[in-house]
Amino acid sequence: MAMIPALLFLSLIHGVHCFYLPGVAPEDFQKGDPLKVKVNKLTSIKTQLPYSYYSLPFCTPEKIVDSAENLGEVLRGDRIENSPYAFTMQEPQLCTVLCRIMIDAKTAKQFKEKIDDEYRINMILDNLPLVVPIKRLDQASNTVYQLGYHIGLKGQHAGNKEEKYFIHNHLAFTVKYHRDLQTGSSRIVGFEVKPYSIKHEYEGKWSEKTRLTTCDPHMKRIVVNSNTPLEVEVNKEIIFSYDVEYQESDVKWASRWDSYLLMSDDQIHWFSIVNSLMIVLFLTGMVAMIMLRTLYRDISKYNELETQEEALEETGWKLVHGDVFRPPSNSDLLCVYVGTGVQFLGMVLVTMIFAVLGFLSPSNRGGLMTAMLLLWVSMGIFAGYASTNLYKMFKGAEWKKIAAKTAFMFPAIVFVIFFVLNALIWGQKSSGAVPFGTMFALVFLWFGISVPLVIVGGYVGFKKPAMEDPVKTNKIPRQIPEQAWYMNPIFSILIGGILPFGAVFIELFFILTSIWLNQFYYMFGFLFLVFIILLITCAEITIVLCYFQLCSEDYKWWWRSYLTSGSSALYLFLYAAFYFFTKLEITKLVSGLLYFGYMLIASYAFFVLTGTIGFYACFCFTRLIYSSLKID
């Protein structure tokens, strides 16, 4: 496989430094313009179950309006709605009272459960997510950003060991903007908050005009700490309030996501790349040795044999030339898996290219998942072509059956798992449950677009002439001699999956962290390099082990080539289990089932992808070496 051209490599390095093409057009604001603050889902890394903002009794606007969401946003559990917060561009606000609510037993229980599970509130302003700046002295960058702020926290009053629940009811917002000196207009480049828990006080009875004594704009008294926190208690009140401060910034609109996306662990990613490249160089050396020295010597020797008696005395891969292209058992299933793998490879490759170019930046919320779904269904034509063309090479005649299996088998398995997981989420009344309308849209994409494309691709693939085998296949299968212990199929398959997994496991850590710990992942330059390395590793390890297998006169390489590199998916799932027990704090059964259910889908997809890469590498290798022989 050819290495990446230098130009592409340089473009990837630029991708590492958070270059992106924004997902939305910039919006200019003049002083005094109203700013729309939207609320998004409540999230927790402990439960992985999102809930809509208004599932808790927060202050509500006169009418709650849902924002239009794309398919990816709905699948992510996003529920974007308007809020009662009223911001005015470049006009600071001090101690604006939002509303006052009374806590009953049900409300208190809801708040305490969400605080226990460490739920965060997410908001959006001009497509920028709300973040909490946290000072870190041990980091290269002094400030790191936490997505969303916690609903509240648990703690004790001084001198009291009993644990209490406190709610964050005062928010100090900071809106950062960049001013255009020529036009005088401004663009928003930052949206930050510092949450406080404070027991607001006032004199007399409560009314809309009541002035707080703990926080008063007329007296220039603002909230600067949480020395008198507000405890969540039954039959007590919660007064929600907020401040808004505006800060001019030198950061330009095109770079406003940089502080959100920049990571301080570039060295770890480079270590991952170097580690993976060492594996590739080692395997490349082995493949080169096999191809240039061993095979060249073998082919020369085999071709120089003059008599049949001399040939019979020989051992090695030439002896199985009459059986090496014999169709395998369960050849129909192999064709289906190879076709599905081609579909996955096309989807991942195109998605990676778009991501590296910046079209799938986090500013285009839900864009990555939407793109992957649309690319998956559109790649169905290649899946049908690959499966039926291989099927025809195996002398099959019922191409419609193979095309139908390719269109339905993998998606059906994934859909069943997804449906069960969605039912669990729905049972928890979480906003992460996919609505009926979206489920219908997914089924339409599957049956209305993917299936027809697979059938069309299958028809074209079967009509195209099948590849001819470079050597003839004997009518009677050759007996396979007893194999050494290290050539045992299970052992060699499991060994073959270690190196592909080793090439990606460091990057896998960051991907799992972004998914399950609610962090941004935008290292697509690194990810694309790792993906290319994965392709090369899968191909080379399969070729090496396939050569050893043929040399031991075992010609049943079809399925083993697929399973050798595909077994890396087993290690991926085991690593996911290790990550679950060491990095996550999930304790609820439903949340655990969701994690392992989704990781099972991911591992299954990884198996199909890597298995297909290994299969085609071995397929090309065997055709190459046997076409070089002079067989009478």
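Cβ atoms here come from the backbone N, Cα and C positions, even for glycine.
Quick caveat, the model's predicted, so the values are computed rather than measured.
As given in TrEMBL:
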{"type": "SIGNAL", "residues": "1-18", "note": "signal peptide"}
{"type": "TRANSMEM", "residues": "268-292", "note": "transmembrane segment"}
{"type": "TRANSMEM", "residues": "334-360", "note": "transmembrane segment"}
{"type": "TRANSMEM", "residues": "366-386", "note": "transmembrane segment"}
{"type": "TRANSMEM", "residues": "407-427", "note": "transmembrane segment"}
{"type": "TRANSMEM", "residues": "439-462", "note": "transmembrane segment"}
{"type": "TRANSMEM", "residues": "483-516", "note": "transmembrane segment"}
{"type": "TRANSMEM", "residues": "522-550", "note": "transmembrane segment"}
{"type": "TRANSMEM", "residues": "562-581", "note": "transmembrane segment"}
{"type": "TRANSMEM", "residues": "593-626", "note": "transmembrane segment"}
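Remark: the transmembrane segment (366-386) makes no contact with the transmembrane segment (483-516), by the rule of 3 or more CB pairs under 8 A. Contacts between the transmembrane segment (439-462) and the transmembrane segment (483-516): absent, as fewer than 3 C-beta pairs lie under 8 angstroms at sequence separation of six or more. Looking at 334-360, 407-427, 522-550, 562-581, 593-626, the range that has the most CB pairs within less than 8 A of the transmembrane segment (483-516) turns out to be 562-581. With Cβ pairs under 8 Å as the measure, the transmembrane segment (334-360) is packed most heavily against 593-626, out of 407-427, 522-550, 562-581, 593-626.
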